[in-house]
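A.B. asks: Pulled the feature table from TrEMBL, pasting it below:
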ACT_SITE  A:HIS53  active site, GMP-histidine intermediate
BINDING   A:12-19, A:37-39, A:54-57, A:GLU65, A:ASP87  GTP binding site
Amino acid sequence: MQKSPGAVLVLGGARSGKSAFAERLVTETGLSRHYIATGRAWDEEMRQRIARHREDRGEGWETHEEPLELAARLNDVAREDRAVLVDCLTLWVTNLMLEERDIAAEFAGLVEAIATMPGRLVFVSNEVGLGIVPENRMARDFRDHAGRLHQRLAALVPEVYFVAAGLPLKMKG
Amino acid sequence: MQKSPGAVLVLGGARSGKSAFAERLVTETGLSRHYIATGRAWDEEMRQRIARHREDRGEGWETHEEPLELAARLNDVAREDRAVLVDCLTLWVTNLMLEERDIAAEFAGLVEAIATMPGRLVFVSNEVGLGIVPENRMARDFRDHAGRLHQRLAALVPEVYFVAAGLPLKMKG
Amino acid sequence: MQKSPGAVLVLGGARSGKSAFAERLVTETGLSRHYIATGRAWDEEMRQRIARHREDRGEGWETHEEPLELAARLNDVAREDRAVLVDCLTLWVTNLMLEERDIAAEFAGLVEAIATMPGRLVFVSNEVGLGIVPENRMARDFRDHAGRLHQRLAALVPEVYFVAAGLPLKMKG
């Protein structure tokens with residue numbers, strides 16, 4: 001199996017502190033800091049969430065907005081002297097579903113792209129599979145996709161954390 | 001308290017990789033492999049999930065379908081030279097509720113049955129209590145039942161794992 | 001940052017055994033046992049849940065009902081020779097939201113109050129952010145509030161546990 005030497009996956013629930021922890025992982029590298037935001041500001045609530053994330057992050061980040069072409073964008077942004085934070089994979093999955101992309105092909109493309117990518121890569125994603133089965137079919141498909149992506153990435157990258165209440169639990173590494 | 005020497009409980013969310021991990025626990029015993037499927041193929045989506053599980057599992061398993069009489073079936077199947085995977089307890093709980101069985105009596109029966117059972121037993125179950133309180137009363141009752149069953153089994157068996165992103169976290173053992 | 005020397009946060013899902021574990025933390029101190037119940041018995045189901053909790057707890061507890069003024073009540077109850085269990089923070093957050101209190105101010109008040117509080121304090125709270133994003137706006141706000149409160153308390157107190165299937169996982173301490 002391919003391994004991605006400089007990559008880490010940070011999982012956690014809503015407001016678990018996973019983004020702040022991921023930002024610390026980036027900052028402590030001392031590399032130049034890049035942020036790939038996958039979220040789309042499609043309503044006022046989402047705009048506020050994005051603005052709050054940006055404010056929490058503080059100065060010193062170069063931000064790239066990329067709702068869909070994540071592998072291609074990572075290919076452009078990742079370099080030996082850079083640390084890249086992707087926040088978050090679950091919004092990327094949402095966007096892929098809304099655009100009716102081929103999910104399996106997209107996941108394969110991402111996994112292939114990052115396997116040999118230079119620099120430090122930090123992926124943030126929401127764990128969404130620990131509640132009651134959703135009544136909505138699309139929500140069930142979404143959590144299946146998210147779960148499969150997490151499994152694939154967790155097998156690929158050398159470090160995985162689960163964050164709760166701002167506290168990281170190392171699952172791998 | 002009774003202890004079940006050869007049993008293990010594997011908890012995890014949807015698409016967490018818990019079944020694949022449980023299958024590895026069975027396979028690594030080298031014993032003959034038995035699979036008790038509690039799910040009922042009541043619609044096309046469920047039929048697909050069951051078929052995918054069977055495919056993921058691969059060859060070399062003897063499959064038993066048992067939606068309700070789990071303790072009795074385990075009594076028939078479990079033997080010193082066998083490893084038995086039960087996938088999953090949450091579907092069994094769902095079936096008990098739909099049949100309006102006495103849940104407390106059923107749980108007591110299962111716990112009593114497995115306390116002295118030979119061979120290796122691996123129970124897979126969905127953790128469903130980490131989302132927002134469901135609006136639906138039956139869903140609330142379901143997660144209460146599932147949570148209570150997990151507590152009882154976790155107290156009984158010597159090994160418990162929580163699986164996320166395909167990675168097992170040992171909670172006990 | 002302020003530290004609360006005698007405080008502990010116990011997180012877990014529904015029916016995870018978090019209350020029973022928190023009660024053991026209190027009992028093992030040997031101090032006099034106080035229980036602050038934040039839940040309101042607004043319907044029959046809630047009355048039953050409260051009664052069951054009380055029964056599970058057993059004898060030897062002094063119970064205080066406090067749905068809203070948690071910091072003030074803790075100031076009254078906490079003493080060097082007492083162990084105080086607050087069960088649970090998520091119901092307190094629910095009550096604050098229903099009363100349209102200033103959530104940020106209430107959280108700041110609680111954090112300030114407990115930073116110098118004597119005796120043993122055990123806070124139980126539901127982790128609710130690990131399911132699908134709720135469709136209901138109030139539910140989304142609720143899980144955001146709960147998540148932020150957990151992060152603040154987890155940074156403040158020296159011990160944090162995550163409980164699943166009755167088994168505590170130490171996240172901090």
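The backbone N, Cα and C atoms fix where each Cβ goes, glycine too.
No curator has checked TrEMBL annotations; they are predicted automatically.
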A.B. asks: Tell me, by DSSP, whether the residue listed as 'active site, GMP-histidine intermediate' is helix, strand or coil?
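C.D. replies: In the DSSP reduction, the residue listed as 'active site, GMP-histidine intermediate' maps to helix.
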A.B. asks: So which of these binding-site residues, A:ARG15, A:LYS18, A:GLU65, get their C-beta under 8 angstroms from chain C?
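C.D. replies: Filtering A:ARG15, A:LYS18, A:GLU65 for a Cβ under 8 Å from chain C leaves A:ARG15.
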A.B. asks: Taking just the CA atoms, what is the gap between A:GLU65 (GTP binding site) and A:HIS53 (active site, GMP-histidine intermediate) in Å?
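C.D. replies: On Cα coordinates alone, these residues lie 13 Å apart.
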A.B. asks: Among A:ARG15, A:LYS18, A:HIS53, all listed as recorded positions, which has the most CB atoms within 10 Å of its CB?
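C.D. replies: Per the Cβ count within 10 Å, the most buried is A:LYS18.
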A.B. asks: Report, as a single number, how many Cβ atoms besides its own are within 10 Å of the Cβ of A:GLY12 (GTP binding site).
C.D. replies: 28
A.B. asks: May I ask for the distance between A:LYS18 (GTP binding site) and A:HIS53 (active site, GMP-histidine intermediate), taken between their Cα atoms and rounded to an integer number of Å?
C.D. replies: 11
A.B. asks: Cβ-Cβ under 8 Å from A:THR38 (GTP binding site), same chain, 6 or more residues apart: which ones?
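C.D. replies: Set apart from A:THR38 (GTP binding site) by at least 6 residues yet with Cβ under 8 Å, we have A:GLU66, A:PRO67, A:LEU70, A:VAL86, A:ASP87, A:CYS88, A:LEU89, A:LEU91, A:TRP92, A:ASN95.
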A.B. asks: Using the structure shown, find which entry in A:GLU55, A:GLU65 (the binding-site residues) has the sparsest Cβ neighbourhood within 10 Å.
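C.D. replies: Output over binding-site residues A:GLU55, A:GLU65: least Cβ neighbours within 10 Å is A:GLU55.
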A.B. asks: Using DSSP and collapsing to three states, where does A:GLU65 (GTP binding site) fall: helix, strand or coil?
C.D. replies: strand
A.B. asks: In which DSSP state, out of helix, strand and coil, do we find A:ARG15 (GTP binding site)?
C.D. replies: coil
